[in-house]
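**Q** Provided herewith is a single structure, encoded as structure tokens, for subsequent inquiry.
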Amino acid sequence: MERAEAYGFSGAMSGAFLLSCLLFAAVSRRQRGPYMDEVFHVPQAQAYCQGRFLQWDPMITTLPGLYLLSVGMVKPAAWLLGWTGSVVCSVGMLRFINLLFSAGNFYLLYLLLFRIHQKNKAVSGFQRILSTLTLAMFPTLYFFTFLYYTDPGSVFFTLFSYLMCLYGNHKTSALLGFCGFMFRQTNIVWTVFCAGNVIAEKLNEAWKIELQKKKDEKISSRKGSFSDLTRIVQFLVEYIMSPKNLVTLAALTWPYIILVSLFFVFVFINGGIVVGDRSSHEACLHFPQLFYFLSFTVFFSFPHLVTPTKIRKFLVSLRKHPVQYSLVTVICLFLIWKFTYVHKYLLADNRHYTFYVWRKVFQRHELVKYLLVPFYIFAGWTFADMLKSKSIFWILMYFVCLLAVTVPQKLLEFRYFILPFLIYRLNIPFLSLYRQLMELAFYILVNAVTLYLFLNRTFQWENSDEVQRFMW
């Protein structure tokens with residue numbers, strides 16, 4: 001890092017942390033007590049603070065990583081600073097932990113951008129800092145900086161694990177992946193993704209050797225015709241069928257294999273992936289979740305994904321391949337028809353944005369969900385188009401993990417999209433400075449509106465005296 005970039009990064013990170021502290025103070029003044037899921041998280045952490053480690057709220061569905069870490073941070077700080085009484089493990093103190101995670105995420109996002117795009121010499125230090133600031137302000141994640149939720153810590157350990165994987169420290173990466181798993185069980189998918197990065201790199205090397213042997217310049221490891229895809233599938237099958245190759249891959253990814261094996265042991269002993277209340281978190285094949293995620297990504301990355309050039313390219317592709325797009329359309333319609341699920345929380349809780357998205361869009365008419373298919377296809381096309389700089393094997397690994405982390409979820413919840421979105425956004429190319437500034441301005445606007453609604457547009461339910469607030 002050059003000196004000017006180091007100063008710029010320090011200034012951006014310090015400024016972002018100061019702003020977060022001011023907003024944190026505003027949120028803590030207006031909402032002093034636990035809110036929403038904090039009603040479960042805060043008492044559980046406070047029980048751990050008091051040494052009652054066998055006490056467990058059956059409504060909590062995640063493992064106790066957040067509470068264990070909270071005790072490990074707050075107790076030593078209280079001892080050093082002489083804090084006693086109610087201030088130790090208070091709501092404000094517990095929420096402050098996520099403010100620290102937010103600062104950690106800022107630093108990790110910068111390091112990841114630097115590592116992933118290090119070969120692109122056209123990217124300036126200012127662009128890296130600007131992209132870091134933008135992603136650190138990603139609205140769905142940034143909002144939970146100010147509440148005691150698992151999201152900031154979950155993202156921190158997953159991004160840290162991904163960074164260590166990219167630097168080849170796979171044992172450290174697996175250990176951090178275990179920490180991420182302790183925050184949210186579905187993070188095991190991103191442990192698989194880290195192993196997939198290693199495998200994709202080896203596959204890409206072997207594929208290039210294969211091309212060189214055959215001296216066929218027409219075949220690309222990134223994109224091509226149907227015949228190219230057939231040859232890649234054939235290559236994959238042959239590669240995997242080789243015991244020597246499997247041993248090589250196992251030797252490279254054994255820390256991840258151990259962690260995934262422990263995960264399956266946990267699932268077997270626990271009787272499922274969810275701890276606590278399982279009735280509201282049943283797994284199912286909810287394929288439209290992929291369409292919702294693509295729409296979510298287009299919305300939050302529209303300066304990158306929705307441009308006149310991309311729209312023209314999509315229309316050209318549509319004219320060139322009408323049969324393929326017709327087949328994709330039929331498949332999408334079928335998946336929406338047979339695999340759309342509506343969770344009871346989505347219909348009942350009017351404090352979440354998803355409630356209004358569903359009511360204002362999808363519940364307007366039965367046909368709306370089908371009429372959105374052309375937009376889903378465009379979203380999928382532009383989403384994939386931005387990844388064309390990655391190898392076909394990396395793209396395959398990412399999409400497998402994306403399906404694994406979204407499709408089994410019955411509840412439409414934007415928080416579930418945070419990690420797949422961030423990993424995608426980290427890996428797409430840098431665009432013009434103008435588009436980056438547009439993206440940052442959009443994130444700031446969304447955050448400002450969300451926090452304004454949360455703090456000032458309160459309401460009450462008929463059967464409750466508690467103040468209700470809008471949130472993600």
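Heads up, the Cβ atoms here are built off N, Cα and C, so glycines get one too.
Marked as transmembrane segment by TrEMBL: 6-27, 65-84, 96-117, 129-149, 155-183, 246-269, 289-306, 327-347, 367-384, 391-408, 440-459.
A description of the local structural setting of each listed feature is requested, covering burial, neighbours and distances.
**A** Panel annotation: around the transmembrane segment (6-27), residues 95-96, 99, 102-103, 106-107, 110, 125-126, 129, 132-133, 136-137, 145-147, 451, 454-455 of the same chain, lying at least six beyond its termini, place a Cβ under 8 Å from a Cβ of the stretch.
Long-range contacts of the transmembrane segment (129-149) within the same chain, counting only residues at least 6 positions beyond its ends with a Cβ under 8 Å from a Cβ of the stretch, are 5, 8-9, 12, 16, 20, 23-24, 27-28, 34-38, 41-42, 45, 66, 91, 94-95, 97-99, 101-102, 105-106, 109-110, 113, 155, 300, 414-415, 417-418, 421-422, 425-426, 430, 433, 436-437, 439-440, 443-444, 446-447, 450-451, 454, 471-472.
Panel annotation: around the transmembrane segment (289-306), residues 138-140, 332, 336, 372, 375-376, 379-380, 382-383, 386, 402-403, 406-407, 409, 412, 414, 417, 420-421, 424-425, 428, 431, 435-436, 438-439, 442-443 of the same chain, lying at least six beyond its termini, place a Cβ under 8 Å from a Cβ of the stretch.
Residues 288, 291, 294-295, 297-298, 305-306, 310-311, 314, 317, 325, 328-329, 332-333, 336-337, 340, 361, 395, 424 of the same chain, all 6+ positions outside the transmembrane segment (367-384), place their C-beta atoms under 8 angstroms from a C-beta of that stretch.
Same-chain residues lying 6 or more positions outside the transmembrane segment (391-408) and placing a CB less than 8 Å from one of its CB atoms are 186, 189-190, 192-193, 196-197, 199-200, 203-204, 207, 221-223, 232, 283-287, 289-290, 292-293, 384, 416-417, 419-420, 423-424, 427.
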**Q** Counting Cβ pairs under 8 Å that are 6 or more apart in sequence, does the total for the transmembrane segment (246-269) and the transmembrane segment (155-183) reach three or more?
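**A** By the criterion, they touch.
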